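Participant: Here's a structure for you.
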Ligand code: SF4
Ligand code: SF4
């Protein structure tokens, strides 16, 4: 079998086995949900409800007139208790609607579409936006914008990211196995929106069951195929996927549309199916809860707004052993300062990691071994970044194409001297963005 891949990358311990065979379990809706009014890249939302209002499941509770935005919906039926700042898993605190669940699970009236092929792209993009769909791989970019590329770019191929290359995570893998039919229908809806006929679904070779399932489902679908990818990190990076599957190179500082491609994640395709065919906005998502600090790792279907601590209590967390709580994967995920943060649309995983899993050794001087350069999937010079950041040489970092870095952390993972490469990169990028804004 031909395996597609890209140059560079690493192979960290997969640790997928902790949860990969666990079927998705429905996590009971909690008594109270905490729904942040920003769950996408872009403008924060304004609340559409006030304290004391009764809401239903799927009711829109926050929206914005800002171009780059996607609304949020209530994930339970009940009463709005408060609209206040609450711990937020992306950074600190966010304005959030706190709703008490009345246990009735009353839904808003469904606006399901009988035959999506009769709708125009514009109509379907409107449905995608109204249902709050964003990139569910973790990036949370509003999907209706991504599916509407600039008119001067000719798109010919849809690439579906089913790589799920981060260790521990199994949400996309389980979705393909358990909701394969819905997922493939979602892919077909996206093709209809883009007005194209070709889709390649990239799945890493370590997901044998998902590969077989999806290959069978697309066997009679013209133009949709599965590309089996080498198991390697960061195989799911957009530019890496496009190079691996189509042998096209997205130029520096450009988007996939530059080479005729739109990339979407597995979960996003399934969410588009739910929105169009079932009339269901994003009120829940599949995530993996894992790590050696968790007693029974699982894949769960969880309501948006459920606090991490409720999920961790249900699977059993070893507080003594757990050193770090992460949202997402261990390579690109976000460390959490409290377990009171809620599940948001971008929560692909909750990891409770022990010291043994974290590799925390002291940093030493660079020995110029070049390993970080050889693994960098973006052909950058990572060894320079920590050094330049130390001397605040932000302009010089730009000269080394810092903004092309996808923050995958491969360089830091491989470094024998444990240099704080990604820290320097993140600081440098923030400084450069600030300089460019002035
Ligand atoms: S420099 Fe950036 S893109 Fe390259 S390996 Fe390091 S984190 Fe990844
Ligand atoms: S891997 Fe680490 S020690 Fe080797 S060149 Fe890069 S920064 Fe230096």
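The backbone N, Cα and C atoms fix where each Cβ goes, and this holds for glycine too.
Keep in mind that this is a model prediction, so the values were computed, not measured.
According to TrEMBL, the feature domain '4Fe-4S ferredoxin-type' maps to 356-386, 396-425. Annotation comment: TrEMBL describes 366, 369, 372, 415 as [4Fe-4S] cluster 1 binding site. Per TrEMBL, the feature [4Fe-4S] cluster 2 binding site maps to 376, 405, 408, 411.
What's the neighbourhood like for each of these?
Facilitator: Sequence-distant contacts of the domain '4Fe-4S ferredoxin-type' (356-386) (same chain, at least 6 residues past either end, Cβ-Cβ under 8 Å): 6-10, 15, 234, 237, 239-240, 291-292, 323-324, 330, 397, 400-402, 404-406, 408, 410-421, 423-425, 428.
Listed in sequence order, the residues of the same chain lying 6 or more apart from residue 415 ([4Fe-4S] cluster 1 binding site) and placing their CB within less than 8 Å of its CB are 371, 372, 421. The DSSP secondary structure for residue 415 ([4Fe-4S] cluster 1 binding site) is coil.
The Cβ of residue 411 ([4Fe-4S] cluster 2 binding site) has 28 neighbouring Cβ atoms from other residues within 10 Å, across all protein chains displayed.
Long-range neighbours of the domain '4Fe-4S ferredoxin-type' (396-425) within the same chain, counting only residues 6 or more positions beyond its ends whose Cβ lies under 8 Å from a Cβ of the stretch, are 8-10, 12, 233-234, 237, 239, 252-253, 331-332, 361-367, 369, 371-373, 375-378, 380-390, 432.
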Participant: Near the [4Fe-4S] cluster 2 site, what residues other than 376, 405, 408, 411 in the same chain have a C-beta no further than 8 Å from the centroid of the listed C-beta atoms?
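Facilitator: Other same-chain residues with Cβ inside the cutoff are 372, 375, 377, 378, 380, 382, 406, 407, 409, 410, 421, 422, 425.
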Participant: If one measures from the C-alpha of residue 369 ([4Fe-4S] cluster 1 binding site) to the C-alpha of residue 405 ([4Fe-4S] cluster 2 binding site), what distance in angstrom results, rounded to a whole number?
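Facilitator: With the alpha carbons as reference points, the distance is 20 Å.
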Participant: Going by a 10 angstroms cut-off between Cβ atoms, which of the binding-site residues 372, 405, 408 has the sparsest surroundings?
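Facilitator: Taking 372, 405, 408 as the binding-site residues, the minimal 10 Å Cβ count falls on 405.
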Participant: Using a 10 Å radius around each Cβ and counting other Cβ atoms from all shown chains, which of the binding-site residues 366, 369, 376 yields the largest count?
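Facilitator: Ranked by Cβ atoms within 10 Å, first place goes to 376.
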Participant: Please check each of the binding-site residues 366, 369, 376, 415 and report the ones with a CB atom less than 6 Å from an atom of ligand 1, ordered along the sequence.
Facilitator: 376
Participant: Anything from the binding-site residues 366, 376, 405 with its Cβ under 6 A from ligand 2? List those in sequence order.
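Facilitator: So the answer is 366.
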